[in-house]
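Colleague: Structure in structure tokens, see below.
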Amino acid sequence: MKALERVYVIGHKNPDTDSVCSAIGYAHFKNNVEKGKTFIPARSGDLTNESLFVLKYFGMNPPLHIETLEPTVEDLELKNPIFVTPDTSAYDVAMLMESRGIKNVPVVSKEKMIGVVTESNIARVYVRRLKIEPLVIHPVPFDQLVRILKAEVVCDYMKEKTVSGKVHIAVDALHVLLGKIEIGDVVIVGDNEPAQIALLEKGAKLMIVVNNAPVSNRVLEIAKEKNAAVLRVKFDAFSAAKLINLSLPVTLVMSKKFPTVTKKDTLEEVKEIVFTSKIRAAFVEDEKGRLCGVITRTDLLKDVRKKVILVDHNEITQAPEGVEKAEILEIIDHHRLGGLSTLNPVFFYNEPVGSTSTIVAEFFLKNGVKMEREIAGILLSGIVSDTLFFKLSTTTEKDRKMANFLADVAKLDLEKFAKKLLKEGMKIPEDVDPAELLKRDVKVYEMGEESFAVSQIMTSDFSTLLKEKERFMNTLKTLKGEFGVKHFFVLFTNPVEEASLLMMDGDQKLVEKAFNAEKKDGLFLLKGVMSRKKDFVPKIGEVLRRER
């Protein structure tokens, strides 16, 4: 049965709670209304303490962590690999290659790949062995040799169940051949009763009679006496020798060096491996090192892209890495238009509300999709977080009504839950790394030829941050270079005081003109600035457009 097509529902880089919750909610909604696909909530970055609290509170698994939206090995439709075990004969591998039309066969032992047999492996070993005199047969099960030779078992008095030793073809004078025979060897002989008898008496353990030649009762008596076996085949001695050559186990034929990849490797990386490999293939191993697929050049010629739905953003600078190589199916957002382009027309829903989770919840209601308590709680969390429990200026009446509705479905006291959630979100550990803190919730904006980044950190106490001001300022210089922007702003927002302290590395005149604010002790106090999206970015953008 063909696996369902996967579609990843994913928020912006460094996801906040609304980004995480709307991805979970919308994936759940789509799985209910659109069959034939599986919608997977995903994220690009680490989870915040607030998001972890929400997931634990409602018993939900974290969204799948995706490092890049570039196509990876797991986006290919990998078939179950055809493989053999170490005791398989080279003959059987050759037959498998011919019947399945494949050029490389993995050798697997205890679920781990230990080698690969290629067409050239078989040809090279076969040609090399033809130059060796006498031929040697490696330990091979008697029944397997019978099958490979398509032989008739005339008699079998051998005590051993495996055959090994030198192989002699009766083409020399009999006295010469008898001088070479050792006890336990294999002989190939034609319609020559004296030779058959003499070879068995000398100690041949297995005699292969070619061209369907007759075997007398006298020969059978000696075979019994010597604990030997006699096989009869319909073809000539040379053909029998060729097949015996191919009876050796694949462990003596296979290459022990072979290219491997994982499901997380990008197809660009895999192409480099496959196209530079002698066998023009790579073998896929899972996280436990078990073989789970084979990739050939043909697989890499297909146009493979991850299918994604973007939520809570529509700007290329905020999108997960590799989004330009993905196929965007939908965009669900509540921010300004960011100029993200797509190859094909997409469903784009953008509404000026306080949270993407509000929009997702509305989809449930409009389409009559039942909402479980956990999903209602998840979406409620997204609204409470992104509106700071309705304190941000981006909050709309629709956000308030939807939050109250979701609280009823989730059977929660809205005010108590909101305070608990925001308290978790505003916790800042004393030993936190400044760079890690400032990158938790940062967004990059481009306006004309200028770009700037805005990080926002919620706090209930400005005094703690003031103590670490110098450490944060030093970190800002590094982050500005890391993000490749001209200005880096950090908003420390206090919902209780309904104000933000602004720390920055860049042109401070932008802030002075945008907010008519003065810098004090290296910081700007911006009263009433609560929302990055509505209170801060538009005013900075207005100054840039006016003066640049």
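Glycine is no exception: its Cβ is also placed from the backbone N, Cα and C atoms.
So Swiss-Prot lists the following for this protein:
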BINDING   His12, Asp16, Asp312  Mn(2+) 1 binding site
BINDING   Asp18, Asp312, His334, Asp386  Mn(2+) 2 binding site
DOMAIN    77-132  domain 'CBS 1'
DOMAIN    254-311  domain 'CBS 2'
REGION    1-74  region 'PPase part 1'
REGION    306-548  region 'PPase part 2'
Colleague: Other residues with Cβ within 8 Å of the Cβ centroid of His12, Asp16, Asp312 at the Mn(2+) 1 site?
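Modeller: Surrounding the site, in chain order, are Gly11, Asn14, Pro15, Asp18, Ser19, Val20, Ser22, Val311, His313, Gln318, Thr356.
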Colleague: With an 8 Å cut-off on Cβ-Cβ distance and a minimum sequence separation of at least 6, pull the same-chain contacts of Asp312 (Mn(2+) 1 binding site), or say none.
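Modeller: Same-chain residues close to Asp312 (Mn(2+) 1 binding site) (Cβ under 8 Å, separated by 6 or more) are Gly11, His12, Pro15, Asp16, Asp18, Ser19, Ser22, Ala23, Ile332, Asp333, His334, His335, Thr356.
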Colleague: In this structure, which of the binding-site residues Asp16, Asp18, Asp386 has the fewest other Cβ atoms within 10 Å of its Cβ?
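Modeller: It is Asp16 that, of the binding-site residues Asp16, Asp18, Asp386, has the fewest other Cβ atoms within 10 Å.
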Colleague: Over all shown protein chains, what is the count of other CB atoms within 10 A of the CB belonging to His334 (Mn(2+) 2 binding site)?
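Modeller: His334 (Mn(2+) 2 binding site): 26 neighbouring Cβ atoms within 10 Å.
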Colleague: Validating a neighbour-count step here. Other CB atoms within 10 A of the CB of His12 (Mn(2+) 1 binding site): how many?
Modeller: 27
Colleague: Using the Cβ center of Asp18, Asp312, His334, Asp386 as the Mn(2+) 2 site position, which other residues in that chain lie within 8 Å, going by their Cβ?
Modeller: Asp16, Ser19, Ser22, Asp333, His335, Gly354, Ser355, Thr356, Ser357, Gly382
Colleague: Under a three-state reduction of DSSP output, how is Asp312 (Mn(2+) 1 binding site) classified: helix, strand, or coil?
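Modeller: The three-state answer is coil.
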Colleague: Averaged across the domain 'CBS 2' (254-311), what pLDDT does the model get? Just tell me the whole number, please.
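Modeller: That region's mean pLDDT is 94.
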Colleague: Mind tallying the region 'PPase part 1' (1-74) by DSSP state, helix then strand then coil?
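Modeller: Across the region 'PPase part 1' (1-74), the residues distribute as 28 helix, 20 strand, 26 coil.
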